[in-house]
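Below is one structure; the comments refer to it alone.
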Amino acid sequence: LLNINVGGKLFQIAYSVVARYPITRLGKLALYTDPTKKLQLCDDYSVQKNEYFFDRDPSIFHYIFHFYRSGVLWIMDEMCPSNFVEEIEYWGIHLKYSQRCCRILFEEKQDELSEYLKIQKELEAELEPLDSAKQFEGKFLGRFREMIWNLIENPYSSVAAKIIAVMSSIFVLISIVAMTLSTVEEMKHKTGKVWMEQLEMICAIFFTSEYLMRLISSSSFKNFLRAAFNAVDLVAILPFYIQILFESLDEGDALYHEELHQMENVGKLGKVLKLIKLMRIFRILKLARHSTGLRAFGFTMRQCYQQVCCLFLFIAMGVFTFSALMHSVEHDVPGTNFTSIPYAWWWAAVSLSTVGYGDTVPDTVLGRMVAFGCISFGIILNGMPISILYNKFSDYYAKLKAHE
């Protein structure tokens, strides 16, 4: 008999049994005749007891021991997949010796664990700046840059940092409200326009100062430009300066060029200027920097992009299918709006979303039956992703708060 001590528990097995698996660790131990090679396979050897000692988990070795006796590797559900794989690799036993049903369930559990660890790593990366204060050690003006970095990036570091974080959110809201009010007819007169311009200038100065402070405190200029939040900050301040540049060009063209083609250029310039002003709406994304809920929502969308893409695919299939059916049963009705399948797309999209504006409705009985099928399909479709997305969102939100 081969005497094996695993973690303090003694196991005895016949040499002939383990020799049937010569590529395994115990199989090699039974077949080798050189004592030096045998000692390389175990952690220790007792000459008095003729006992080979292995400093491994005895609870898992029970399944290894059972494998040598029966030829089948059993896998229990409560085992940690990573630990079990590490143990069987140490003993030189392949997973193929397990039953197919056990192996499928085990591999599914492995995939779930890998996905969980991947998500945990990405969640930690979401809050990586909160743990990177050591990056300033040994760098130029490291102490000063670290102080600015804590002030801007870490609102939990001091009262002043918290005040700046709150001020940043307030200025974002003020900027969005000012942009909204600037489109109101009563605010387009001279006094209101001046007030809106002054408010926009104050917000732009604050956002520019905030961006420059982040740039100064950054340890790597390349990483700073790659960061998504910093790109949002840049988009928040660029429209103001581009607007000033275009307005100066607009005035120059109006003063010094009176030709018709120059006035056409001024008109095109005004359209571009309106588009640039509209870009200020992206400032609301700055709130995600200090909002765990918004970050959790963005993280959920990134993690569930496959489910979201599937949902859009189902919607597209429903729109094309029900619009074609509706056109086929309604196109002969006098005065119908379903003159072609593309004209029926809007009705199908509105019905699938269960909004139902009622601007386009079927007139025939068959058409109403198709509409009922479209609405029923929409109800089922809308109910599918809600539980998945909400459960994942609440889970990620709780984890982000815990990391914070």
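Quick reminder: no glycine exception, Cβ is built from N, Cα and C everywhere.
Unlike curated records, TrEMBL annotations are generated automatically.
Summarising the annotation, TrEMBL assigns domain 'Potassium channel tetramerisation-type BTB' to 2-101.
For 159-182 (among others), the entry in TrEMBL reads transmembrane segment. Sequence-remote contacts of a segment are chain residues at least 6 beyond its ends whose Cβ falls under 8 Å from one of its Cβ atoms, and for the transmembrane segment (159-182) they are 150-152, 188, 192-193, 196, 199-200, 203, 206-207, 210, 236, 277, 280-281, 283-284, 286-287, 289-290.
Taken from TrEMBL, the feature domain 'Ion transport' applies to 162-399. Taken together, the residues of the domain 'Ion transport' (162-399) have an average pLDDT of 79.
Annotation comment: TrEMBL describes 305-326 (among others) as transmembrane segment.
The transmembrane segment annotation in TrEMBL covers 369-390 (among others). Counting only same-chain residues 6+ beyond the ends of the transmembrane segment (369-390), those with a CB under 8 A from a CB of the stretch are 300, 304, 307-308, 311, 314-315, 318, 322, 325-326, 329, 348, 351-354, 356, 361-362.
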